[in-house]
Structure formats: C-alpha cells, structure tokens
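Asker: Mind having a look at this structure? Questions to follow.
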Amino acid sequence: MNKDLAAMRVGYAHQGADGRYVDSDLDADQLIGGWLPLMRLWLEDAVEAGVPEPNAMTLGTVDEHGHPCTRTVLCKGLSTDGVLFFTNYDSDKGRQLEAVPYASVTFTWVPVARQITVRGPVERVSAEVTDEYWHSRPRGSRLGAWASEQSKPIGSRAELDAALLHAAERFPVDVDIPVRPDWGGILIRPAVVEFWQGRANRMHNRIRTSLVDGSWTVERLQP
C-alpha cells in the first residue's frame, strides 16, 4: 500500500474553544418529521459553508452483468416524492436504470463532515416536469445535450466540438431549442436514507431511516 495514502486521515474534531463540537450531535429525534427537513437543512448548511457544487451526488447503478457503476450527477430537485436529476435516457446510466430501476445516491460534504445516502426505486418524470427544467437551462447546456450522444464513443475532441457547432447552426439564437426526445428527469423515491456525521476517534454518528410497510423507521447504526 502507498504509505502516503495510508497515512492520510482526518480527525473530524470540529470542536470549538470550549471543547464542544461546533455542530450538535446527530440524533434520531431529528428525523421524527421525516428525512426531508433534515436533508434540506444539511444542504443549506453546505451552501453556507461554501462547499463546491453542494448539490453534486454520486449515483450508483448496476450494468447488465451486475457490476456496479458510479458517476457524479447534480440533484435538481428535492421533495417528499424524492430526489430528482436529469439525464439522457440512452446514456449508460439511463439504460442501466431502465433495466434495473433502483439506485443509490450519496451527497458528500467534506468541509462540514457530513454525508447523506439515499436508496430507492426510480421512475421517469412527466414530460411537463422535464420541459419546465429544460427551458430553465442555459442555451449552451441545451445545445450540448443535442450535440452529445451521451456515453457513445467518439473519435476526437474535434468531432465533439464540431457536433456542438452543428447543433448551434441547427438551432439559431432566435429559435426555441426543444427537449431531446431521449432526455428527461429521473426521480429516486427514497426507501432508505442514511445520515452520517463525522466525529473524533472514528465514532461517527449514523442514523438510518427506512420505509417499512408504509411507515418510516429510525435507528442508530454503529460506525
């Protein structure tokens, strides 16, 4: 093992002058009202702490062989229904989620020593939801979605740049850029949500809430 990597660690002290933790201990009582209020609060805290791209999350899927695949995507909505992101449905992740409609996402906010993992079944959102978000995107992002056949091989960077130029010519500035027919939103409906909070000596706080027979259970896990 690389000795430099083996020696890398963080103490997760996050203590003030009085020796107490700057943030209060995570407790099961904080999830009595459900997973969403605390998740929104932690996301707001990450924003205020200046965490880069606080809505970035690692999305886990499995391919046709059962092999796990992960990548970073951006959360574009949180509601009682679940966690929302958008993608090309014909991309690797889109096809994998169509074949196995279950996913896991993890938000990791290192500067505040917090992490949330959400697992659950997925479904495509309505065309209306997709259209509303699509038209809120910058023009360049919409052109990029048309230019890229996501996850497909391409010969060179020059070919990719040429595809973007072609998309810009196809949709001039005065022309509305329509939603790609194979592009849209995917909603993860939470079945399990785990909140993790770093603490000294690796005695981290872990609280998991799970949907069981229509009701949410809450339990503390050992670190």
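Positions of Cβ are set from backbone N, Cα and C atoms, glycine also.
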Asker: Can you tell which of ARG124, ARG139, ARG206, ARG208 Swiss-Prot lists as binding FMN with ARG71, THR72, VAL73, LEU74, CYS75, LYS76, PHE86, THR87, LYS93, GLN115, GLN150, SER151, TRP196?
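Answerer: Same FMN site in Swiss-Prot: ARG206.
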Asker: Could you measure between PHE86 (FMN binding site) and LYS76 (substrate binding site) for me? Cα positions, answer in whole angstrom.
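Answerer: About 7 Å separate the Cα atoms of these two residues.
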